[in-house]
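Visitor: When I checked Swiss-Prot for this same protein, it listed these features:
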SIGNAL    1-17  signal peptide
CARBOHYD  N20  N-linked glycosylation site
CARBOHYD  N115  N-linked glycosylation site
CARBOHYD  N140  N-linked glycosylation site
ACT_SITE  D308  active site
CARBOHYD  N350  N-linked glycosylation site
CARBOHYD  N383  N-linked glycosylation site
CARBOHYD  N405  N-linked glycosylation site
CARBOHYD  N445  N-linked glycosylation site
CARBOHYD  N486  N-linked glycosylation site
CARBOHYD  N490  N-linked glycosylation site
CARBOHYD  N622  N-linked glycosylation site
CARBOHYD  N667  N-linked glycosylation site
CARBOHYD  N711  N-linked glycosylation site
Amino acid sequence: MAVAALALLALLPQALGQHNSSYVDYNVEANPDLFPQCLDTISLSFPDCQSGPLSKNLVCDSTASPYDRAAALVSLFTLEELIANTGNTSPGVPRLGLPPYQVWSEALHGLGRANFTDNGALHAGRPSFPSPILSAAAFNRTLINQIASIISTQGRAFNNAGRFGLDVYSPNINTFRHPVWGRGQETPGEDAYTLTAAYAYEYITGIQGGVNPEHLKLAATAKHFAGYDIENWDNHSRLGNDVNITQQDLAEYYTPQFLVAARDAHVHSFMCSYNAVNGVPSCSNTFFLQTLLRDTFSFVDHGYVSGDCGAVYGVFNPHGYAANEPSAAADAILAGTDIDCGTSYQYHFNESITTGAVARDDIERGFIRLYANLVELGYFDGNSSSSNPYRSLGWPDVQKTDAWNISYEAAVEGIVLLKNDGTLPLASPSEGKNKSIALIGPWANATTQLQGNYYGDAPYLISPVDAFTAAGYTVHYAPGTEISTNSTANFSAALSAARAADTIVFLGGIDNTIEAEAQDRSSIAWPGNQLELISQLAAQKSDDQPLVVYQMGGGQVDSSSLKFNAKVNALLWGGYPGQSGGLALRDILTGARAPAGRLTTTQYPAAYAESFSALDMNLRPNETTQNPGQTYMWYTGEPVYAFGHGLFYTTFNASSAQAAKTKYTFNITDLTSAAHPDTTTVGQRTLFNFTASITNSGQRDSDYTALVYANTSTAGPSPYPNKWLVGFDRLAAVAKEGGTAELNVPVAVDRLARVDEAGNTVLFPGRYEVALNNEREVVVEVELVGEQVVLLKWPEEVQGVAGDE
């Protein structure tokens, strides 16, 4: 890499020669054309603070503050060296003994962009987890934290071997607003206020080693800030989208999870997004990067902002916000984009400085932030575990995490039972039934499909065919069709396989061929002719032959025809279940494990996605634009399956806990003037605990997932949302035949707040209901009295230059 570093340094005098007059139309093309060095995965090494050139510099003094140590290092750089290191692929400074560094690593649900070449034990396997959309469906905060903690242990082990960075471009905490979005699979789902915010907190603190850890484990990145949730719908590229978002929707839906990431989880990095919001590209938006992140959301003092890869260039092309590339680089650095994932800074800062648009101090500010993080990560502390316990982690430490079982558990806990007429769970072959099974559909023998996108390099991939074969079933496998084809050439083989089996399982839906980064769906109907094949399977089967359908993929498809087809005995959603996916899918069907997942997105009828523009970011319904309302909070139609839907193999009964109150009255002034020593803000104080007694009156042990919603028709401005999520929990293994468990979900003061048109989060007087699950099994009435109080004032949007430290 030393050669590559010198090569990049040599390019700097030619920076103006990189200008290209034949520009790609990124208003349509959704994949940026990045320079090769931006994509490098390099072999990492560490500065020598014992006897190297930096050993006498303050950066190697572990008693100094991270900021002072980083500033001392950066002060040694020449201007050319400083500019050369402003991209994600940093060549280092050879004369100072500062090694090359790669900022861009991935950890969405496993390590990505690591150096996976063969290296003995490290190459033996890397745990790869289910996609976030499936793990989140478990509604288990502890599980999310476990996954992130395991990934960070793995990341540190690879980092110590020089194969992975210390910063990760994860998690993706944009909300899955519109069902066509290709990257919704990377997110926890469509709820911002509670689910995605909780996911962000657990994932970030798992990655970083805690809230304020003594030693930072890895630096997480909250992405993509902000208003990013479309790839290429109707030829509108994510790179050029300029979306209109009201201050009310920004505050209520598009940013609260980022507030939690900054204020509560203390995330160390943010990524600004490709798109523009209200005319201003996110990476040159001082309102986003300074006013919101640093002044309002309490982003950590020396946290840094990275542009998405190619987004700084995008300020010029396609957004046209800057007149040329040097101006785009200047706009971005002055707005608060500290590091460019790309090469715009490296190639164009010389001209920006020459014209006076940027000063050295502006560049230093961002670079000091990055290196202050590396100081906190122990990058300059040598390889002794006494100075940093993470510097000694290796593959044996990864093996101790039980990662492989946790990956399986995440898949099992997230699978959602949508429909069941009593057919499931299947009797096992050992009971003399269902000895043969037909596995049909484009997911029936899935391996790489199981992973979704941005996956870690898995040690193994267990397909459904492999899993059922290993369990002693006689498997009749016939794909029958593909994800998007209309060819019926293989139907006959599938129908024959079904006739030969005791049980039919169809596994299909969507996959990364039609939902992915840079690729949205044009429809939310089942693609190709999969439904036609299922219909034929249903028509020919005998009455005592079970037909079960697994709907796979991150986004939802309209399964209404399956819901109402009596010959389809059961329907499940399986997401992207990861390396042990086949086992998880099998064990749910056979009853080895009981389903308790719930949908984190609404399953809409197919006509929903055709009724209004996917670029309409307004959540509230609007007759003029034919927007029927977006997400479970505002949708005015009838969903196929609602957000939070999920069935069990047993019967649960919920009732008010003994001695629990079902009515509360609170004075707003008293609430908001009370001391809150255990929380950052008064809004985070617990208002009351929602409690219920959960009894399993059925015949199977099972986990129980609880979603707690609030609604009002009197408090705050109209229109009123249908409801909104205020809390959730998962109770483990509630025993069958009368076993009970106590549910206790704290409801914070700000969970009952609403957002006004100016974007202020306000606690309004009025009557509220807080209810358990979509079925409203237990309802608590809450009345807030007195004058309304603003809990969080939304700042005025003013574009300008980000302030100094």
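Placed from the backbone N, Cα and C atoms, the Cβ positions cover glycine too.
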Visitor: Tell me which of the recorded positions D308, N486, N622, N711 ends up closest to N140 (N-linked glycosylation site) in space, Cα to Cα.
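Guide: Comparing Cα positions, the candidate nearest N140 (N-linked glycosylation site) turns out to be N711.
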Visitor: Can you tell me the CA-to-CA distance separating N711 (N-linked glycosylation site) and N405 (N-linked glycosylation site), as a whole number of Å?
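Guide: Here the two Cα atoms are 39 Å apart.
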Visitor: Relative to the Cα of N667 (N-linked glycosylation site), which of the glycosylation sites N115, N383, N405, N445, N490 has the closest Cα?
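Guide: Nearest candidate: N405.
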Visitor: What number of additional C-beta atoms lies within 10 angstroms of the C-beta atom of N667 (N-linked glycosylation site)?
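Guide: The answer is 14 other Cβ atoms.
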Visitor: Which of N350, N383, N622 (the glycosylation sites) has the most other Cβ atoms within 10 Å?
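Guide: Of N350, N383, N622, the one with the most crowded Cβ is N350.
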Visitor: Ranking the glycosylation sites N140, N490, N711 by other Cβ atoms within 10 Å, which is at the bottom?
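Guide: N490, out of the glycosylation sites N140, N490, N711, has the fewest neighbouring Cβ atoms within 10 Å.
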Visitor: State the count of C-beta atoms found within 10 angstroms of the C-beta of N486 (N-linked glycosylation site), not counting that atom itself.
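Guide: If we count other Cβ atoms within 10 Å of N486 (N-linked glycosylation site), we arrive at 10.
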Visitor: Count, for each of the glycosylation sites N405, N445, the other C-beta atoms lying within 10 angstroms of its own C-beta, and report the residue with the smallest count.
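Guide: It is N405 that, of the glycosylation sites N405, N445, has the fewest other Cβ atoms within 10 Å.
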Visitor: Which residues in the same chain, at least 6 apart in sequence, have a Cβ under 8 Å from the Cβ of N115 (N-linked glycosylation site)?
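Guide: Once residues fewer than 6 apart are set aside, N115 (N-linked glycosylation site) is near T41, I42, S43, F158, G162, R163, F164.
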Visitor: Please report the number of other Cβ atoms within 10 Å of the Cβ of the residue listed as 'active site'.
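Guide: 26, counting other Cβ atoms within 10 Å of the residue listed as 'active site'.
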